[in-house]
Amino acid sequence: MVEADIGARIVARCRSLGARPFSESSDILFRPWLSDAFMNAQAQVDGWMREAGMQTRQDAAGNLVGRLEGATSDAPAVVFGSHIDTVPNGGCFDGLLGVVLGISVVEALSRAGRRLPFAIEVIAFGDEEGSAFPVSMITSRAVAGIVDPADFDLSGPSGTVTQTMRARGLDSGALGEAARASTDVLAFVEAHIEQGPVLEALDRPVAAVQAIAAQRRGTVQIRGVAGHAGTLPMAMRQDALAAAAEAILLIERVACDLPEAADSGLVATVGRMDVGPGATNVVPDAVSFSLDVRAGDRRMRDEAVRQIESGFAAIAQRRRVSIECTWLQDLKGAACDPVLVSLMQEAALEAGGTGMTLVSGAGHDTMVMAQRWPSVMLFVRSPGGISHHPDETVLESDVAIAHRALLGFVDRFAQCLKVSP
Ligand SMILES: [Zn+2]
């Protein structure tokens with residue numbers, strides 16, 4: 001198959017799972033973990049894996065695992081993987097593209113009759129998006145052997161995790177059996193749409209990912225003193241909302257101005273705000289807003305948080321209000337393996353991408369897998385930077401380049417093993 005056709009075929013496969021029976025709704029694409037739509041999609045992907053020459057099985061977490069043996073059977077594997085669930089009203093490529101690209105790599109190797117010194121596996125994970133339950137990545141955590149049994153009692157639309165799994169013939173008590181031995185996996189590789197505008201701005205089709213951002217999320221509460229909007233002189237006010245405005249601009253400035261902020265993918269966002277008492281003629285006395293700080297390098301993220309908090313203290317003192325941060329979530333993020341990143345950089349560059357690396361601001365199954373195995377990601381340009389939206393798309397020519405880059409990565413990895421087994 002010529003390369004342009006490979007890109008078109010991969011895109012067509014992803015699009016073919018964009019509607020019923022692979023979506024729960026006929027109006028939008030929605031494929032939560034373990035739904036009928038999810039099981040239908042899994043069966044279709046299973047067919048593609050077999051067609052590509054893979055043996056397939058469902059593991060104890062319900063993941064679909066396809067395997068192409070290496071030169072010797074039972075050799076450890078290079079594992080490609082991503083998720084096949086979606087958000088409500090999602091796009092056709094988030095997650096699924098990485099799975100279909102993995103299958104296309106296997107297909108190319110099978111067709112060429114090549115046997116590598118390692119096996120190749122493709123895993124279609126289940127619940128990366130967290131659209132079925134208020135928790136995510138149970139299925140990749142099961143493979144990595146880091147599941148929290150407390151998650152099994154969480155409820156979704158069709159019961160708890162345990163009940164929903166049971167309805168599909170899966171036993172949450174046996175989830176641990178999905179865990180892979182350290183020696184089973186040589187490397188984990190996830191191709192994924194970028195879900196942002198950077199590659200488009202650079203006019204590049206693909207790039208290696210150096211890290212997945214560490215995240216810190218919390219709430220900021222500002223307390224001032226309410227007063228009459230007509231009678232309280234400006235100099236005597238303790239206006240919580242004016243203080244919040246200054247605090248938000250401070251957050252933006254720290255995220256823009258910290259040295260090497262852009263290279264480390266540092267971003268800080270206030271996405272929600274409540275103002276009290278919320279009347280036109282009352283000076284506000286209570287404001288709370290959300291704060292989300294992310295960076296590829298955890299130290300960079302923590303330095304940003306430190307500068308934001310000390311800036312808050314100065315604003316609070318000057319404006320005679322109190323500003324308090326409550327941190328609710330601290331996600332470590334994950335660095336990709338430096339050796340794998342440089343192999344992927346070379347492969348991306350040779351295939352027609354860029355040799356530079358990106359930081360992923362969004363979370364991925366790689367965050368989990370990287371806790372156990374050397375891991376790397378390849379980003380594919382997202383036209384318009386659009387994702388988690390029906391207009392999410394990819395260019396066929398970019399996908400063909402991604403396919404070539406992944407094959408190039410496999411070759412380079414095999415070469416590396418020869419030099420240092
Ligand atoms: Zn995704």
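Every residue, even glycine, has its Cβ placed from backbone N, Cα and C.
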Recorded Zn(2+) 2 site member, picked from H388, H403, that accompanies D94, E129 in TrEMBL: H388
E129, N281, H388 screened against H83 (Zn(2+) 1 binding site), Cα within 10 Å - retained binding-site residues: E129
Spatial neighbour of E129 (Zn(2+) 2 binding site) that is closest, considering only the binding-site residues D94, H192, N281, R294 and their CA atoms: D94
Sequence-ordered binding-site residues from D94, E129, R217, N281, R294, H388 with Cβ under 6 Å of an atom of ligand 1: D94
Cα within 10 Å of H388 (Zn(2+) 2 binding site) - qualifying binding-site residues among H192, R217, N281, R294: none
